[in-house]
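The structure appears below as C-alpha cells.
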C-alpha cells in the first residue's frame, strides 16, 4: 500500500483495504451512512476501483457534488481533495485485472464493494450502494439505489473518489506501457486503444476475460467477461 504525501490518496492491491480517517467515534454509529460506488467496470485494462465515503456531520457541507461522469477531470480533483479532507472515513479498494479475470468483473465489483464497506465499518452503521445489487457479507445493513450517483451525496462522493483514484493509477500505468496511451482513455475501448491492442498485443494490465483482448490474443471464441467461469472469492460475492 502506498500513500501520497501531498494528498493522502491511497493505492492498494486487490487483497487489501485502504482507509483514511480522523474518526472521533470509538464504535460504529448506525446513523452514519456510507455511500459506495465503483469506477472502471467497463474498461479493457486496469483495475476496478470501489470507494466508500462517510461524511462527517460536524464538518461543512461540500457544494458541487455530482456523479463523477458529469464532472471534468479538473473538477473531480478539486472535489476529491475536499471529500477526503471533510469525510469522517473513506476507503478505496482496487481489484486488479488478474482477479477480474479469475472471478469475472461482476463478482470483482461485489468483492470490492464488500471490502470498501469493511474499510469504514468502524464508524458507519448503514451503506447505500449505487446500483441494483447489495453484496452479501457486509458488516451492517445496506440498500441498493439505482442511479444513486446522481441522487445521494455520499454516493456521489464515493464515485468521485473511486474515479480519481483509478484515473491516477492509469496515468501511472501509462508510464509503464506508453504504447497503449492509458493516460488518454484510462483503459476504455476507444478506437486508438483497440488499434494499439491489435498492434502490440495485451500487456499484463489487460483483462483477458474481455472479448476485444481475447481477440487480440487470437482466441477463436471471444468470450465476454460474464461468460468466463467464476471461481469463488472469500465465499461472499453473490448479491442478494
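Including glycine, each Cβ sits where the backbone N, Cα and C put it.
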Which of 130, 152, 167 belongs with 37, 38 in the divalent metal cation site listed by Swiss-Prot: 130
Could you name the residues, excluding 37, 38, 130, of the same chain that surround the divalent metal cation site, i.e. Cβ within 8 Å of the Cβ centre of those residues, in sequence order? 36, 39, 50, 51, 113, 129, 131, 148, 149, 155, 158, 159, 162
Same-chain residues at least 6 apart in sequence with Cβ under 8 Å of the Cβ of residue 37 (divalent metal cation binding site), in sequence order, are 50, 51, 68, 129, 130, 148, 149, 155, 156, 158, 159, 162
